[in-house]
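The structure appears right after this line, and notes come after that.
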Amino acid sequence: MRRWLSLVLSMSFVFSAIFIVSDTQKVTVEAAGNLNKVNFTSDVVYQIVVDRFVDGNTSNNPSGALFSSGCTNLRKYCGGDWQGIINKINDGYLTDMGVTAIWISQPVENVFSVMNDASGSASYHGYWARDFKKPNPFFGTLSDFQRLVDAAHAKGIKVIIDFAPNHTSPASETNPSYMENGRLYDNGTLLGGYTNDANMYFHHNGGTTFSSLEDGIYRNLFDLADLNHQNPVIDRYLKDAVKMWIDMGIDGIRMDAVKHMPFGWQKSLMDEIDNYRPVFTFGEWFLSENEVDANNHYFANESGMSLLDFRFGQKLRQVLRNNSDNWYGFNQMIQDTASAYDEVLDQVTFIDNHDMDRFMIDGGDPRKVDMALAVLLTSRGVPNIYYGTEQYMTGNGDPNNRKMMSSFNKNTRAYQVIQKLSSLRRNNPALAYGDTEQRWINGDVYVYERQFGKDVVLVAVNRSSSSNYSITGLFTALPAGTYTDQLGGLLDGNTIQVGSNGSVNAFDLGPGEVGVWAYSATESTPIIGHVGPMMGQVGHQVTIDGEGFGTNTGTVKFGTTAANVVSWSNNQIVVAVPNVSPGKYNITVQSSSGQTSAAYDNFEVLTNDQVSVRFVVNNATTNLGQNIYIVGNVYELGNWDTSKAIGPMFNQVVYSYPTWYIDVSVPEGKTIEFKFIKKDSQGNVTWESGSNHVYTTPTNTTGKIIVDWQN
């Protein structure tokens, strides 16, 4: 997590939380009409399964076996479409709730056939693509999609699309008549199907058992036809397809199944997006309760995209929904993820989604939903709310967690919690950028503080349904004063009194009570809150958000090299990456008056445009505990630093031991030198002998090189 220089507050005036209104002078992270496509930290995202939201145009509903009138069969289309979302944008339901971004189902054309199962399952969810360059006609036309984007932007709402380049649709290796045989089309022209795949557009390695990372990448996910991203046609097709949707004006992408695609290819995809028109991109890497995966952290830190924060979502569900953990476990997760993720503020948080049971339980206490939303909206990360959560919708498992939207009541307590805290999130940078500090804790009570410079938000939550707790000995960074609850007592929060030394007068926190107290003040020195994107090339534009930059142009440095300033305001700077060598750099801002911010670290400068190359080495025998890695003379291969070598390589699916392989994002059109090394669990390195391998990487396509281990 980004660290900033703590500022000592010496004011002794009495402040009230109503001073939050002074934030309007700052111009929040998003200015009206200037949607920030690379920073979502102050946003509230609302996830919509398009087919299950609103049927705004009955004329585009499918017929026959694809459709379920009245949505009695939840595995078929029910009629929701882009016009329905437009209607709810224009009637104020989303804007009044405080939604500033929507994440919608994959918009591409899906299969028109149904599965031969008990339900006759259809592609309503959008994950069974047949043509990534055409719209799903049951959601609307391309013109309808453009109207949706325009309507959202007119109301200050960003649009995120789901995108699932891992696969097409269900297919069978032995039965070409099964559904649509996974066929892939390019704007209406057939490229190929899963059987008789002479061009090798797909993988044919059987279904994954989820036994290893390699197994999940190079085998089929269930019965879905797994795309071969190293195929030059597939590589170019998918990259062109995503740029087509970017041309429609989208602001973000949720990348499906990132755990199941080659990391190297995905980094080259992110480079393609950043080269073209950067948008906030986050991937889906499912983690179960209490699961910690180092590969998950590595991907988030090295791929150029963020992730859905399953560690956050699962832990909050354990604490407030399932009672299988307590606030100590949650606080530990907050600390651990702050260390594990370089950009923890960019990870997308949630309490439920379309792949898990809804948070609200049939016959359960809606107060738990309210508490969970309050924590979600005041915690680090980009908060995402699943459609209908604000209406206390229930449903365990697919498809019961994807029912038709039940109602649009603006008076539910959950709706009002979102409304109030979305406003606070937009207007107090502590929620967008602040560190998190635990201030008071027991199994039932969690008091935590978010702080960014002088901006402070203090939150207290009591999950118990029966116990009252006296909160004594609490200290805060809030200046001395009286603070009213930002929720207006909606969850029974009260006023607190803060002394001159930061001590909070004792108060009671009742069962199910949540209190939120806030303070904000103008910064006089520069403080960086966010940089996006965090990967680029020399000349790429980068947006720096924060406070106290001043109105006169100052200096931005990548390491010790000054960048060309494109635009400068007190809260946002746009610069071009200076002419520096490839590598990772700290960014600093110096105001025109000479004051310098703390460093914002780990911006990655790539060598040039990236392509995905498969490196294969034969006859690389190893001892127990050893793995093969690749290292070379370019930054993307570690610059001969064995601690930065790429690997471990794979040896089970596409090739078998003692042949090893890995797909790596490398600079295009460049003659590179490399070698393979053996590493054991203690980090001991054995180099292959002989001369360096030499390879000239391709341009604008994928590549492959096969060599023998040199003994």
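All residue numbers here begin at 1 and follow the chain in the order shown.
Glycine residues also receive a Cβ, built from the backbone N, Cα and C atoms like all the rest.
On a predicted model such as this, the values are computed, not experimentally measured, just so you know.
What Swiss-Prot records for the substrate site is Y127, W128, H167, N220, L221, F222, D223, R254, K259, H260, D398, R402, and among H354, H530, H540, H693 the residue it adds there is H354. Cross-referencing I157, I217, I250 with the Ca(2+) 2 binding residues that Swiss-Prot gives (N166, D226, H260) picks out I217. According to DSSP, the region 'C' (434-522) comprises 0 helix, 45 strand, 44 coil.
Spatial neighbours are here defined as Cα atoms within 10 angstroms of one another, and by that definition the neighbours of K259 (substrate binding site) among the binding-site residues N60, N61, G79, D81, I217 are I217.
In the predicted model, the region 'A1' (32-165) shows an average pLDDT of 97. In this structure the C-alpha atoms belonging to D226 (Ca(2+) 2 binding site) and Y127 (substrate binding site) are separated by 12 Å.
The binding-site residues considered are D81, N166; of these, N166 has the fewest other C-beta atoms within 10 angstroms of its C-beta. The shortest Cα-Cα distance between D223 (substrate binding site) and any of the recorded positions N60, D81, I217, D256, E284 is the one to I217.
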